[in-house]
Structure formats: C-alpha cells, structure tokens
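Visitor: Pasting a structure here, questions to come.
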Amino acid sequence: MYSKGPTYETQKLKGKSKLLHSRNFNKFGFDFHPQVSIISGILVILFLIFTLKNPDAANTVFSSLKNSITTKWNWFFILSANFFLLFPIYLLFSKLGEVRLGGPEAKPEFTNFAWYSMLISAGMGIGLMFWSIGEPLYHYNSVLPMFGEKATLASALGITFYHWGFHPWGIYALISLALAFFAYNRGLPLSLRSVFYPIFKDKVFGILGDIIDILAVISCLFGLATSLGFGAQQINAGLNYLFGIPQNTTVQVLLICIITGIATISVISGIGKGVRILSELNMRVATIFLLLVLFIGPTLFIVRLFNNSVGFYLNNIISISFWSEQGKENWQGSWTIFYWAWWISWSPFVGMFIARISKGRTVREFLSAILIIPALLSFVWMSVFGGAALFQDISGNGILFNAVKSNVATSLFEMIQNMDVSNTLKIIMSSTGIFLVISFFVTSSDSGSLVVDNLTSGGKLDSPVPQRVFWAVMEGVLAIALLIAGGTDALNALQTAVVISGLPFAALLLVMTYSLHVGLNTDLKKLKKYREDKLLNKIFNEKIRGNFEKNEQIKSRLNK
C-alpha cells in the first residue's frame, strides 16, 4: 500500500514544535510563549515611553533616520521588491508549483470567494478607500521625475497601479507561501521563525527564533496601532465633513473603542465565522459601491482611462521598476520607497494571516490568486474612483485636489459631494463609504489580533479565547495611548519607525527565499515518489483484481 502522503521529516519536527509549546505559560486561561510575549511587551512599553515623552523630538529623530534610509538605500529596496515579485513568478511557472500546501490530499478550508475576500480585506482594503482618489491627484498635479515631465492622466494612474499592484502582492505572496509551506508541509509552528529552519535548523527553536518572532510582534503591533489611530482620525474627519461631528481626541477614542469592540467579537468567533463573514460582507458592499460610482460616471472617461493606464503600466513596468532617483528631491523616498518599506514591514502580519487561511491550495493556485486577483481588483477600483476624481479635478480647475491636499481623509466624501446626483443618493453613498472604512479597519484589527496571538503563543492555531481577546483589546489601548498622550506626532513617529523596520525585514525576506526554495525542492522530489508509488499501487491492485475476477470466472464455469 502507498502512504497517504510524503512524511518527510514532519513527524520529527512536530515533536520539536511540541517541545517549543511545552515552554508556554498555561495558567489563568492563557497559553503564551513567555520569552516572546514578555520581551515584546517590555520593548513596546519602552518605545512608547520614549515616543510619548517628547513626540515631536521622537518624530524628528525617526524622520531623519527614515529619510536617510529611503535616500541611501533606495537601490536596495528597488532591487529587493523586484526580486520579491520575480521569485514567486518563477515558482508559479516551475514544477515547484505542483506542490500542495498541507500535502497531496489536503483540501481548501474556504471557498474561493471567502478566500479572495479575506486576502483583500487584510492586505490593503482600507488604503484603497483613500489613496485611490488621493494618489492619482497628487501625481497628476506634479512632475514625475523618472520621465522628467508633468504627469498625464494615464501616467498618474499608472504609477498608482505600480505602487498598489503586482509588487506589493509579490511581497505578500512570498512570505505567506513560506509560512504556509513550513507550517503545513513540515509540521512547524505557524510563526516567522519556522521559515528559516532549513538554514538555522534547531536554532529556530531557541534564542534566535525568539528574536525573529519578537521583531515580528513589535512590527505587527506598531503597524496595527498606527493604522487604528490614523483610521480613527480619518473616520472622524469623514463624520465631521458629513454630519458636523467635532474632530477631537474624545470622538477618536470612542471610534477606536467601537472598532476594537467589533473586532473583539469577530476574534472570539474565529476566522471561520467572524473574520470570514465580515470580509465577505466588505466585498459585496464594496462591489455595489464600485458599480454605483462607475455608472454615475463619467463611465466612458473611466473605461478609456483604465485602458490607457493599464497600457502605460505594462509598457513601462520594467523602466519604472528599476528606476532609482539620483537627485535630492526625494520623490521616490516619499512615494515608492515608503510604500515598499511599509509593505515589507507589514508583510509578517498579512503573510501570516494569508498562510493561515490557505491550506489545501497548490503553490501554483496560491500564487496565481495572490499575484493576479487582488492586483487586478485594485486596478479596477483605482480606475473607477481615481478616474472619477481626475475628471472632477479637470472639470473644476483643481478644486478637488486642493481639498485632498487639505485633508486626504475627506477625499472620498469631497468627490461624492461633487457628483451630479440627488442629495439623498449623496447621503447614501457617503454613509456606505463610512461603513466600508469602518469595516475594513475592523477586518484589519481582528486578523491582526489573531496573528499577534499566533506569534506570542509559539505558532499555535488554537490558543484560548481570553488570550485572543487580550491582544485585540491591547491594540486598541495602544492606539488610544498614542492619541491621548502624543496625538498625530506620536502616530507619525510610530509609523516612521515601522517604515524603518522595512530595511532589516527586507534582508530577512531575501534569506527566506533561499530557505523556501530548498524546502519546495525537497517536497517536489517526495511528491514525484508519492505519485510513482500511487501509480504502482493502482497497477498492482488492478492486476490482483483482474486475476481474482478471472479465477472467479473459471470457478463459475467449472461449477456449471
């Protein structure tokens, strides 16, 4: 008989994973890795004290460091981002794409629609709500230094595609594939340390692995806290614009409490219920919203701009992907390098969440979906909202761009107010926009809480509910502390620190690609052996069955 799948060294590694989990603290309804959790907590508190003691000074220090990194290391980020896209494409078309996450007989846990919905909601759903309008307007009203001339409509939207398209999803695809592979095909914990096992072997279960996970926890917490803080300010700005609700810390703290409360309920329900249901709801409402804006129009202008912008992007993707700024303007540092550093620092959170929901997919299916579907949907979304915004800006002599420069958080609502529709429809559309902004923040918060919980529990997928609630609440508390004590300066400082962390994480991702390639090659060899054994077993069974049936026929004739 053939085995039900390649066993590799999985059983041995599962034993070591259990040894790692045996060090967890298991009391009072908690189950966490003490070194990772406690050290992460101490470092977060120390960093907060430093930031909140003098937010303006902290912001200045981190901004100076960020500017130094984005100008002197722009070449490194550019080459790394290109490599992080090209490597998954290579895997997609190679024989390594045949490997299935979880083994040859593993089945997907979620439907394709649920899977795509959770991918997009966790990956960049909230960013699309604001920057699909703001970024094309910024580019259109400036000179693009890689071309040395003022942007056209197509180039403004095409550069936006570049920042939100295949490159960021290449980063997410790479780290999520590595995490999923070593968790489901090697029996290792679903934790960042696991992806380095082929290189560092058993050291990943010790201090080295703890350091890697601590870095990931801090990056996730800071990224989520800043997003939640800025998100509350953006929602407050929208509510102020629409309903005159005052913009102040009290309202923003209340909004964080509401978002955290909904996220906590979702976390208690788990991925299969709360997170999935919210993500599917987001996608359905967002689709209706998208179609409404498209049909209100200018529809023909938007469709033509989509064609021209996709053509520009595909025609120039190589030149803009390898362009490195030489001058002192730092356009690239403010846009492209900022984005690459942010996506890379955000990748442990998004990658781990994607890995958690992707068991049962082949590498080829996995990469095809993550590289293509979200990027194409982003192109469509940005063409519709960005196209409508560009048309209004041209028609209104730059009025919309002036509003965006004043406060990008109100860009969506400014655009809706400028539409030639009834006031009732404007209110419905604006309310839908507020709903989507809140729901996208909730899905980021709840999925982020589950990821931090994974990391601090040593990669366990079944940690206790009180522990999940703890991390969901802690994200909210962290964001509230930043808002109350430091305001926007503290949030900017923390966001800048997260961007700075993109540099060491980029180096870790480069090392990780080698580790993943080694692991996939081993699995491919085992998969071939598995298929050969299965084929031989089938031939053997058919031969035995054939001989048996032949003997039965002979016996039947003799008995007659």
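Counting starts with 1 at the first residue shown.
The backbone N, Cα and C atoms fix where each Cβ goes, and this holds for glycine too.
According to TrEMBL, the feature transmembrane segment maps to 32-52, 73-93, 113-131, 143-163, 169-185, 205-230, 250-271, 337-355, 367-391, 427-448, 469-487, 493-520 (among others).
Quick one: where do these features end up spatially?
Guide: The list of residues near the transmembrane segment (73-93) in space but at least 6 beyond its ends in sequence, with Cβ under 8 angstroms from a Cβ of it, reads 166-167, 170-171, 173-174, 177, 321-325, 332-333, 336-337, 340-341, 344, 363-364, 367-368, 370-371, 502-503, 506, 509-510, 513, 520.
Outside the transmembrane segment (113-131) by six or more residues, the chain places 160, 164, 168-169, 172, 227, 231, 234, 271, 275-276, 278-280, 282-283, 286, 350, 353-354, 357-358, 369-370, 373-374, 377-378, 381-382, 408-409, 411-412, 433, 436-437, 440-441, 443-444, 447 with a CB less than 8 A from a CB of the stretch.
Tertiary neighbourhood of the transmembrane segment (143-163): same-chain residues 131-132, 135-137, 305, 308-313, 316-317, 319-321, 323, 325, 327, 329, 331-332, 335-336, 339, 378-379, 382-383, 386-387, 390, selected by CB-CB distance under 8 Å and a gap of 6+ residues from either end.
Outside the transmembrane segment (205-230), and at least 6 residues removed from its termini, the chain residues within Cβ reach (under 8 Å) are 16, 19-20, 33, 35-37, 39-40, 43-44, 47, 126, 191-193, 196, 252, 256, 259-260, 345-346, 348-349, 441, 444-445, 448, 451-452, 455-456, 474-476, 478-479, 482-483, 491, 494-495, 497-498, 501, 504-505, 508.
Among residues of the same chain six or more beyond the transmembrane segment (337-355), those with a C-beta under 8 A of the stretch's C-beta atoms are 69-70, 73-74, 77-78, 80-81, 118-119, 122-123, 163, 167-168, 171-172, 174-180, 183, 190-192, 216, 219-220, 223-224, 370, 447-448, 450-452, 454-455, 498-503, 505-506, 509.
Remote same-chain partners of the transmembrane segment (469-487), defined as residues 6 or more beyond its termini with a Cβ less than 8 Å from a stretch Cβ, comprise 30, 44, 48, 51-52, 55, 221, 224-226, 228-229, 232, 249, 252-253, 256-257, 259-260, 263-264, 267-268, 445-446, 448-449, 452-453, 456, 493-494.
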Visitor: When you scan the chain for residues with a C-beta under 8 Å from the transmembrane segment (250-271), skipping those not six or more beyond its ends, what do you find?
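Guide: Distant contacts of the transmembrane segment (250-271): 118, 228-229, 231-233, 235-236, 239, 277-278, 356-357, 438, 441-443, 445-447, 449-450, 465, 468-469, 471-473, 475-476, 479-480, 483-484.
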Visitor: Considering only the recorded stretches 32-52, 169-185, 367-391, 427-448, state which has the highest number of Cβ pairs under 8 Å to the transmembrane segment (493-520).
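Guide: Answer, by Cβ pair count: 169-185.
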Visitor: Is it the case that the transmembrane segment (367-391) and the transmembrane segment (427-448) have 3 or more CB pairs under 8 Å, with pairs at least 6 apart in sequence?
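Guide: Answer no: the transmembrane segment (367-391) and the transmembrane segment (427-448) share fewer than 3 Cβ pairs below 8 Å.
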Visitor: Six or more residues out from either end of the transmembrane segment (427-448), which same-chain residues have a Cβ under 8 Å from its Cβ atoms?
Guide: 118, 121-122, 125-126, 129, 220, 223-224, 227-228, 231, 234-235, 238-239, 242, 258-260, 262-264, 266-267, 271, 274-275, 278-279, 281-282, 285-286, 288-289, 292-293, 349, 353, 412-413, 416-417, 419, 421, 472, 475-476
